[in-house]
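Chemist: As annotated in TrEMBL:
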DOMAIN    2-222  domain 'Glutamine amidotransferase type-2'
ACT_SITE  CYS2  active site, nucleophile
DOMAIN    293-432  domain 'SIS'
DOMAIN    466-607  domain 'SIS'
ACT_SITE  LYS612  active site, for Fru-6P isomerization activity
Amino acid sequence: MCGIVGYTGFRDAYDVVINGLRRLEYRGYDSAGVILEKADGEFEIKKTKGKVDNLVAISKELHNTSRLGMGHTRWATHGVPSDNNSHPHVSNNGKIAIVHNGIIENYDTIKTMLINKDYSFKSETDTEVLVNLIQYFMDKEPSLTFADAVRFALNEVYGAYAVSVLHEDFPGQIIVARLGSPLAIGIGDNEYFVASDASPFVEFTKEAVYLEEGHMATISLTDGIDIRTIKENTRIEPVVQELRFNLEQIEKGGFEHFMLKEIFEQPKSILDTMRGRLLVDEGIIKMAGIWDHLERLTNAERIIIIACGTSWHAGLIGEYLIEEFARIPVEVEYASEFRYRNPIVSSKDIVIAISQSGETADTMAAIKLAKEKGAFVYGICNVVDSSIARFTDAGSYTHAGPEIGVASTKAFTAQLTILSLIAIKIGHHNGNLGKAEFMRLITELDAIPKKVEEVLNSVDKTVKEIAAKFVDANNFLYLGRGYNFPAALEGALKLKEISYIHAEGYPAAEMKHGPIALIDENMPIVIIAPKIGHYDKIVSNVQEIKARKGKVIAIVNKGDTQVAAMADYIIEIPETAECFSPILASIPLQLLAYYIAVDRGANVDQPRNLAKSVTVE
Ligand code: F6R
C-alpha cells in the first residue's frame, strides 16, 4: 500500500524523506515521489514510476536544499503505475501539493463538478481530485485558512485515506489527516516527522502521536501540533506515546532478505509471544486480555474468527484448537466476505479478529460490523497501537516484533502461539481440559521455540537443495490433514506470493475429488505427514500420488520410514503434539518458498502487486 513520509526541522529534508521511503518499501509500491519546500517557499517536485532508487536517480541534486519535505510510494489503485499518476499531485494553480494513501470513493462526482468549473486534470488519480477540491474551496473563499480548506474538502469526500498536504502560501506547515489509513507523527527536538508508520523516524525520536480516525493535524515548527476533528473542528489534545521498537529490529541484520531474517527469528518471536503468559512451573497461562474477559469468552455460544490471507489461515488452525480444547463452536470467515453478506451475529457471539498489521481495511470493516451487531470483539494483532488493536474491545498482542517482509512468516507462527494459549486457557477454565492434559499441552508448547530452532538448524540446507530442483516448476500442490490442512494452504500461499508459481493447498483427502487429475511426473506435491492423527491415511495419499508418478516432497517426523520410503524428498521435523505441528511444519514451507523465489530471481521482500498492509478494500 502507499507510503507517506513528511519532515520539517533542521535536517536535510531530502535525506529524511528518501530514507523514510526506503523504510516503507516493504509496504509494496510501484512508483515514488518527493516534494521539497525551497527557501523561497516554492515547491520542487520529482516523481517517477518504479522504485525509490529510480527516484533517487532523478532527484539526487535535491540533497541538502530544503528543511521541509514530503515523499510517497504509490501502490496503484486509480490509474496505472506511471510518472504522471505518481504522487505528489499538485492543484491547478500549482500552490497545493498532496500525497495520499487510500481511495476517495466519490472522486468521480467531484471530478465532474470540478471539470464543470474549468479545473483540469493531468492524471487518472482520485488524489488529484482531492487536491483540486482544496483549491476550489480556497478559490471560492480566499480568506479561508489552508487548514480550513483541507477540512472543508475532506468533509466532502468519502472513502479511506491518509493525506499529507503542503501549500506554497503557508510555508512551514504540513497538514495531515486520516480516515481508515494509518498516520503517525514523530515528535523530535525542534523537528516533526509524519509517516504511514513509525519506522521512518524511529531512529530520530521515540515519541509519536498516532492520529485517530477522523482527525487532522496542522504541524509547524512555530506552532507545534494542532489536532482537530475533521467533522466538527473540535480541538483534541495530542496523546504522545513511546515507540516500543528500535532501528535494529527493522534492519536486515546480516541476512540477505527481511523474509529470511524473520524466518530465522521465529525461535525468539514465539518465545516473545509466550513470555510472561505461559508459566509452566506455576502451571498457569496468564493473559491480561483473556483474564479480564474470561467468563465472557468461556460462555460464548459461538466464536467467529475474521481475518484475511495468512491471518485467515491462522484462524482456521484456531478453529481446530478452540473446538478441540474449549469445545466452543467456531466459524472462520474471510473478513471481506463477512462484512458484505449481512451475517447473523449477536451479543452472545465473540468475534476474534486476527491481523498482523492491525490496519487491514476489510478486517477493520468486519470488526465495525460485528460491533454494531453487538458482538464482543477480541483482537490478535502484531503491530502495537494499530487501528485494529485500538478499535477492538480487548485483545492480545503477538509481540513477534516488526515484520517487514511482505510475506508473513513470524507473525503467522506468533498468531498460532496466541491461539494455542487462548484455546488451552479457555479449555482449562471451562473444565474441558483436565489438569494432566493441560500440563502436557503447556509443557509441549513451552518446548516449541527450541524445536523451531532445531528445525531451522537441521533443514535449511536440505530445503535449499530441494528448492533448486523445482525452480522451473509451473505448479505445486500442497496437502495436509487435520491441523496441517490450513498449514498446507499457508505453504501454497507463501510459494505463490513470492515465487509467482501457481500453487494450491488442499486437505489431503480431497485430492481424490478433483486435484488428482493434475498429478503426473511433472507435478510437485508437498505433503505434510508427521506421525500423528491420521498418519495411516496420509500414507495412503502418498501411495496414490506415487501411483501417478507425482513428485513427493514430504515433511515427516525424524526417523519416519513409511512415508520416507515412498517420497522423492523428505524434510524431517521433530515430534510434537498434533495441535502444535503446524508451527513446526510451517518453517520448512516458508524456507521452501523463500529459496525457490530467490533461485527464480524474484524480489522476495517486495513481491509484485502485493502490499504489507492492505488498507484498501
Ligand atoms: C501473506 C500475507 C497476507 C496477509 C493479509 C492480512 O503472506 O501477508 O495474506 O496475511 O493481507 O494482513 P494482516 O494480517 O496484516 O491483516
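Glycine is no exception: its Cβ is also placed from the backbone N, Cα and C atoms.
Situate these features within the shown structure.
Modeler: Sequence-distant neighbours of CYS2 (active site, nucleophile): residues of the same chain at least 6 apart with a C-beta under 8 Å from its C-beta are ARG27, TYR29, HIS72, THR73, ARG74, TRP75, HIS87, VAL99, HIS100, ASN101, GLY102, SER181, SER196.
For the domain 'SIS' (293-432), the DSSP counts in helix, strand and coil order read 63 helix, 28 strand, 49 coil.
Within the same chain, residues at least 6 positions away in sequence whose Cβ sits under 8 Å from that of LYS612 (active site, for Fru-6P isomerization activity) are MET1, TYR26, ARG27, GLY28, SER357, GLU403, ILE404, VAL406.
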